[in-house]
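Student: Let me give you the structure first, and then I'll get to my questions.
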Amino acid sequence: MPTAKRTSSRASLALPFQLRLVHKKSWGHRLRDFISGFLKSCRPIAKYVFPNFIVVHYIYLITLSIIGSILLYPCKNTAFIDVLFLAAGASTQGGLATKSTNDFNLYQQIVVYVITLLSTPILIHGFLAFVRLYWFERYFDNIRDISKQNFKLRRTMTLQQRELSGSSGNAARSRSFKDNLFRGKFVSREDPRQSASDVPMDSPDTSALSSISPLNVSSSKEESSDTQSSPPNFSSKRQPSDVDPRDIYKSIMMLQKQQEKSNANSTDSFSSETNGPAFIVQERHERRAPHCSLKRHSVLPSSQELNKLAQTKSFQKLLGLRRDEGDHDYFDGAPHKYMVTKKKKISRTQSCNIPTYTASPSPKTSGQVVENHRNLAKSAPSSFVDEEMSFSPQESLNLQFQAHPPKPKRREGDIGHPFTRTMSTNYLSWQPTFGRNSVFIGLTKQQKEELGGVEYRALRLLCCILMVYYIGFNILAFVTIVPWACTRHHYSEIIRRNGVSPTWWGFFTAMSAFSNLGLSLTADSMVSFDTAPYPLIFMMFFIIIGNTGFPIMLRFIIWIMFKTSRDLSQFKESLGFLLDHPRRCFTLLFPSGPTWWLFTTLVVLNATDWILFIILDFNSAVVRQVAKGYRALMGLFQSVCTRTAGFNVVDLSKLHPSIQVSYMLMMYVSVLPLAISIRRTNVYEEQSLGLYDSGQDDENITHEDDIKETDHDGESEERDTVSTKSKPKKQSPKSFVGAHLRRQLSFDLWYLFLGLFIICICEGRKIEDVNKPDFNVFAILFEVVSAYGTVGLSLGYPNTNTSLSAQFTVLSKLVIIAMLIRGRNRGLPYTLDRAIMLPSDKLEQIDRLQDMKAKGKLLAKVGEDPMTTYVKKRSHKLKKIATKFWGKH
């Protein structure tokens, strides 16, 4: 009985506590717990059924097509193969139809409407962003709270630095470092032995260097290199608490300046050290450094003193003011580590010579030397013997500042570090170091956690932007078109004659334009509206921003939001990260350079089709009855629809044959600009291409069909030949694009011709029938390419308003359905893409591999897009040739 009482009392005491715990969980947390439990139970099967995003995408589209056909078939107003064909076209935005859409009833049209909205690229990739956001919250504990605390800390320290500098923003850079340093309110005390005017802190003191005199050190026996020796005893060395921060700061400046002077006169060997800087490379030969020694009474703090003094307030103020001045020669590459490892061989009678040392980043490094870099630390004099001395702005000195000062004004002629890039805003408390495509190099555990928090907040904001974008532009589309369809009586009558309400026609057409479906509720598509500029112009806009122009519009919106957001806000931090590193968060958001290239490509392709239409069909019989202004608009509308949407404003079968060939080619390349942009901005681009070479530079891997650059001036041909033999050719950005194109062609061509071959077998009798001249191989190829490009254009068949596919047999229609599903997956990223991979141990391993790869290789400069660099280089060479040619004439 007493035992029962004790049990009940314990239960009664524990119950309120358990209820409080359950009460604290939000509905979102409970939903995530339910999803997590369900996924854990399905994990043994799911990892085989859904191994990656590509397979999930295939399964989703096929499932949606089957579900759509099941929902459409109960009306039984058409054969099941035609219903399946329509559902597959809706789920892939193919736009081909074996039966006019207006012949289906309202229920079936609504089903097509919903299926299309659930399968657009924006929705699928946006849903993937939501999944990654959910996984971030499940995989990282308290990531939301930690990232918020880091943001508050960065903002507080930034405001404090602005207050210390006496100004805000860029005005802090106008005050010199020396004037700021020796003000009483910044420095707690002055060095009694030296005045402020004697030693400017932005340059090393030459008198201090001249005061160095020999320090004789002898040993009774030669010490082994693997035994750690104690540093020499300085008679006047002060305790760490007695050393003025200015002394240690000047020591660092002297060390760095002497390193720079040694760069021009010596070539040092670099050993294999994984902790070295990512941009230092290994030389083949070792040289002894010049003999020098330190004065016995000179003061040079040890590394332990550096660690302690670097954390003091006064030293951090000094360094903060130094950074405010804008000189980032020494402290802007925080993640870089300058490791000096001494290889000592000192005899008994030798004086303390500067030992040979090594400094290298990785076990295997390239033999190339970084050019045009002023701060390459190759040598560092030292007075210590048999001791490993390291200088690391982040780890050795613990200089992990929690705020960035205002951005320094770049001095004229100053060449930026090829691995560093100025951040859009202070979303990190340290200056990151990059490789190709936003690869962060040399991160500590604390930095990775901070970066993960910033990426999480950026992804969370991006999800909100995507949701508003998708819903908002769909609403804007039908708000734009529905009132016009209801108020223009002439066109309202045309719509009603097709058995459709003008209001519903406006809703469906707006969705079809923004989703690039290409179906219309009028039997002749948009031919009846060839003289209505209002819907044609707005539909072109929604067609572009709903598909290939989506990354351009999305980045433009984020840029506008960034420019108008409040300074030092969490909102602006996230926007800045999205602008700087978009492909770490989303597959359809690109950096500035690739975005401009995508924009240029779209303009060129559309302009090419438009110009060809004007040249070849402007005065043809099919458009002659329309005014010239409307003809130009029809040509522009058709050129825009040819690549993605599939609407037609003119009968394509009556156009010039060369225009038909041009349209077929444009349908095939429709997805290539977007697909290549996705793949060449992939964070793991090299690994996705299979470039795992670690013994040489990433840029030295070439393909056989790359164009070899030649010297058109005829100079140094023999030298170029020798250099080509001695070292590998340099990998150009064009080579990566070529690799992506070759992969895409190998993915496409065999499938296209296999489908064409099967259809020609099934439709052989119709092709041979002389009474059906419009049923020919070219028309079938046009249909196959249209399906594979998920465009929806068709040459049609005489006296019908449907696609040519309506004349196919059941097997041929199944082949077209397979083309639609396969073609819809053309523009997906590679399996190895950070933007589609969920946070996991596997992702951490890939990041670690990428970091090790980057540390040992000289990656491309990140300040400029590689394709832009390539084009500039080629244009400069062409300009040089043209100048020489015209100079002779």
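Keep in mind that glycine also has a Cβ here, set from the backbone N, Cα and C atoms.
Keep in mind the model is a prediction, meaning the values are calculated, not measured.
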Student: Do Swiss-Prot's topology records have Lys76 and Thr681 sharing one side of the membrane?
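Tutor: They are annotated on opposite sides of the bilayer.
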Student: Here are some residues: Asn216, Asn801. Which is flagged as N-linked glycosylation site in Swiss-Prot?
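Tutor: Checking Swiss-Prot against Asn216, Asn801, the N-linked glycosylation site entry points to Asn216.
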Student: Looking at Asn265, Asn606, which one is marked N-linked glycosylation site in Swiss-Prot?
Tutor: Asn265
Student: If you average pLDDT over the topological domain 'Extracellular' (131-464), what do you get?
Tutor: 49
Student: Looking at the stretches 52-73, 110-130, 500-521, 525-545, 585-605, which one shares the most CB pairs under 8 Å with the transmembrane segment (777-797)?
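Tutor: The stretch with the most close Cβ contacts to the transmembrane segment (777-797) is 500-521.
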Student: Are the transmembrane segment (52-73) and the transmembrane segment (658-678) near each other by the rule of at least 3 C-beta pairs under 8 angstroms (pairs 6 or more apart)?
Tutor: no
Student: So what's near the topological domain 'Extracellular' (765-776) in sequence-distant terms, Cβ-Cβ under 8 Å and 6+ beyond its ends?
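Tutor: That would be 653, 795, 797-798, 804, 807.
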Student: Excluding the flanking five residues on each side, which residues at least 6 beyond the ends of the transmembrane segment (585-605) place their CB within less than 8 Å of a CB in that stretch?
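Tutor: Apart from its flanks, the transmembrane segment (585-605) reaches 121-122, 125, 128-129, 438, 455, 458-459, 462, 466, 544, 548-552, 554-555, 558, 577-579, 643, 666, 669, 673-674, 677-678, 680-681, 829, 833, 835-836, 864-868.
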Student: Run through the topological domain 'Extracellular' (570-584) and tell me, per DSSP, how many residues are helix, strand and coil.
Tutor: 14 helix, 0 strand, 1 coil
Student: Is the transmembrane segment (500-521) in contact with the transmembrane segment (52-73), using at least 3 Cβ pairs under 8 Å (sequence separation of 6 or more) as the test?
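Tutor: They do not touch: fewer than three Cβ pairs between the two stretches lie under 8 Å.
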Student: Run through the topological domain 'Extracellular' (631-657) and tell me, per DSSP, how many residues are helix, strand and coil.
Tutor: 17 helix, 0 strand, 10 coil
